[in-house]
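The structure under discussion appears below in the form of C-alpha cells.
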Amino acid sequence: MNKLFRSLAFYMLILVISVAIAVQLGGTSQQTTQLVYSDLVRYIQQGEVRSITLSGAYAEGELVSGEKFTVQLPPSSSQAPLVEMLQQHPNIKLDFRQDNTSGIWAMLLQTLVPVVLVLLAFFFIMQQTQGSGNRVMQFGKSRARLVTDDRKRVTFDDVAGIDEVKEELAEIVDFLKHPKRYLELGARIPKGVLLYGPPGTGKTLLAKAVAGEAGVPFFSISGSDFVEMFVGVGASRVRDLFEQAKKNSPCIVFIDEIDAVGRQRGAGYGGGHDEREQTLNQLLVEMDGFSANEGIIIIAATNRPDVLDPALLRPGRFDRQIVIDRPDLKGRLAIFQVHAKGKPLEPDVDLEVLAKRTPGFTGADIANLMNEAALLAARRRKKKISMQDVEDAIDRVLAGGPEKKSRVISEKEKRVTAYHEAGHAVVGHMLPHMDPLHKITIIPRGRAMGYTLFLPVEDRYNISKSEILDRMTMALGGRAAEEITFGEITSGAQDDIERTTQWARRMVTEWGMSEKLGPLTYGMKQDEVFLARDMTRLRNYSEEVAGLIDEEVRKFVHMAYQRAIDILTEHRDALEKVSEVLLEKETLEGKELQDLLEQLLPPRPKPEPLKPRMVGGGTSQVAPAF
C-alpha cells in the first residue's frame, strides 16, 4: 500500500511541475513575438520601438503598440551600428543587462518540456501495461482455486443424511490415503466420480468432505470458468488445470456444474458451440490421458446428467456415477441435528417432529430453515430458538415470505378467502387418501391471500390413482365452496386449477391411468435448445387420440370438481362453521384445528387396503387405483 502511495505521489509531483512549467512558457510565448534583426532595425527607424534591453546576443523590448518582442542579435563586434541607431532616437528607452542565458534556457525548456512530458507518459503507460501484460499472459491459465486451509476443513461428520453416498466415497478417500494397497493388487481407482441430483442435496459439500478426509489439495472450479469468448482459452485452461493438479498430486479436482462445459456436442442451433466443444474435447483427452497412479481424482457435480456428452460418461472417465437424492425422514433428522449445533434451542424443540414436517426438503433447505428460525428468534429479542420460531420459519419457507398482516383487505375479499380455504379443509378432511390437515390461515403471505397446509406423515416415492384423484378433489374444494356459498366464482382458484389440470394430463399421457386410452405414454418429452437436445419432436399420436386425451383430462377434472361439490353440499354446516371461526381467529392449526373438524365432521374414511385379485386366471397383487 505504501509503495503504491509513493508511486502515485511521485507521478503527481512530476505532473504538477510539468503543468506549471508548460503554463508559464505558454503564457510567455503568447505575449512575446520573436523578431528577426532586420525587422528590429525597421521598427527603430519607423519609431515604433518604445524600449529595448540589450543582453549579449539577445535583446528584448516593447513596441509602441504594447507588444513585447525578443530578437537574436549579431555578434558583439557587429552591434555598434545598432547602439548608434538607438542613441539617435532619444524617445527609445535603452538599457543594458549582463549577458545571461535565460533566453537560451527558456527556449530550451520550451523545446524539451513537451518531449519530457511525452517520455513520462510513455514510461507510466509502460509500467501499467507491464502488469496488464502479466494478466494477459494469465488469461489462458486455469481459474481453479486451491483450498488448503485446515481451519475450514470439511469432513464426513459435517455431511449428514446420505450415509450410502458417504460409503461410496469412502473408497476414494482410502485410495488417496493408501494408494499402494490398491496398486499392488492391480486395482484401478475410478478416475472420475459424477455426483448428480437435485439442487441443494450436498454435492459440493460432499466433494469438500472427501478432500478434507483424505487430507489432500482440493482444486475447485466451475464449469463456466473454462469457456470464454476467445477461441482456445477454454482448452488452455483445462491443460493448465491438469498441470497444476499433477504438481500437487495426490489431489482432488472438483468441477461444479459440469454441464456448462460437458454438454452433448453437435446440438442446438448451428450444430453446437465451437469453443465449448474444443474445451470439452481437451477435457476428455486430459481425463483419459493421465495414468491411475498419478493420484488425481476428478469429482464433478451436476443436476442435469441427461445433457452430458456420452463420451464424458464412459468408463475410464467418470467411472462412478452417484445419485444424491433428497433425504428421507432419517436423513432429515440427521441434517437437523447437524444444523442445530451451535444454536441455543428451547426444550420444546423436537427435531424428530420437524423432520416429519419437512418431507422433500434438501440439506440446503433445512440449513436455510434453521437460519430463518434463528433470525426470527433474534428479531423477537429471544435468547433461545423455540419450536414456534421453527414452525413460523417452515411456514415462511413453504408459503413464501412473511405474513402480510398490514395489508388492507376488504370484508368481502376476506370472507371469500375464508370460505375458499374452509372448502379445502372440509373436503380434504373427508378424503381417505389425503394427508393430515396441519394449518389453515387467511392471512396473506407471498402472493397468496391465504393457504391450507396438508403435511404427509411419511415419505412417498409412488402415488396411486386414488391418491391423485383425492388431491385433485381437495384442490378444487376452494372453487366449489365459492360456487356453493356465493353462487359466484373468483380468480383465486387459478393455481388450484393449474395444478389439477396438470395432474389430470399426466394421469392420461404419462402414467397410463385412463381406462379409455390404456397404459400408454402419449407424446415425447420436449427438451429446450439450451439443454443441448433436439429442439422439438413431433407428437406420436393422431388428432383423434389428441381429442380423446383432452376428453379424458376434462373427465378427470370434472369428476374431482363434482366430488368436491357433493362433499361440501353434504357438510354445508361444517363449511359455514369453519369459515366463521376462521374469520374470527384468522389462523387455525394443530390440535385446535383437529378438534374443530372432529366436532363438525364424521371421522375420515379409511383407505381400502390393497387386495390380490384374479387376472387372466392367475393371482397377482394389483392396486385397485391403478
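Glycine too: its Cβ is placed from the backbone N, Cα and C atoms.
What you see is a predicted model, and the numbers here were worked out from it, not measured in a lab.
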When Swiss-Prot is consulted, the range among 27-51, 402-426, 602-626 described as region 'Disordered' turns out to be 602-626
Per Swiss-Prot, member of Asp350, Asp495, Asp496 binding Zn(2+) alongside His420, His424:
Asp496
Secondary structure tally of the topological domain 'Extracellular' (29-103) (DSSP, helix then strand then coil):
25 helix, 26 strand, 24 coil
If you compare CA-to-CA distances from Asp496 (Zn(2+) binding site) to each of the binding-site residues Pro198, Gly202, Lys203, Thr204, which comes out shortest?
Pro198
Same-chain, non-site residues whose Cβ lies within 8 A of the Gly197, Pro198, Pro199, Gly200, Thr201, Gly202, Lys203, Thr204 Cβ center for ATP are Leu195, Ala301, Asn303, Ile324, Thr362, Gly363, Ala364
Near the Cβ of Asp496 (Zn(2+) binding site), how many other Cβ atoms are there if near means within 10 Å?
18
Along the topological domain 'Cytoplasmic' (1-7), what average pLDDT does this model show?
55
Protein Cβ atoms within 10 Å of Pro199 (ATP binding site), excluding its own
10
Would you please pick out, from the binding-site residues Gly197, Pro198, Gly200, Gly202, the one with the fewest other Cβ atoms within 10 Å of its Cβ?
Pro198
Counting only residues 6+ away in sequence within the same chain, which have a CB under 8 Å from the CB of Glu421 (active site)?
Ile440, Thr441, Ile442, Gly450, Tyr451, Thr452, Gly478, Leu582
The number of other Cβ atoms within 10 Å of the Cβ of Thr204 (ATP binding site), counted over all protein chains shown, is 18
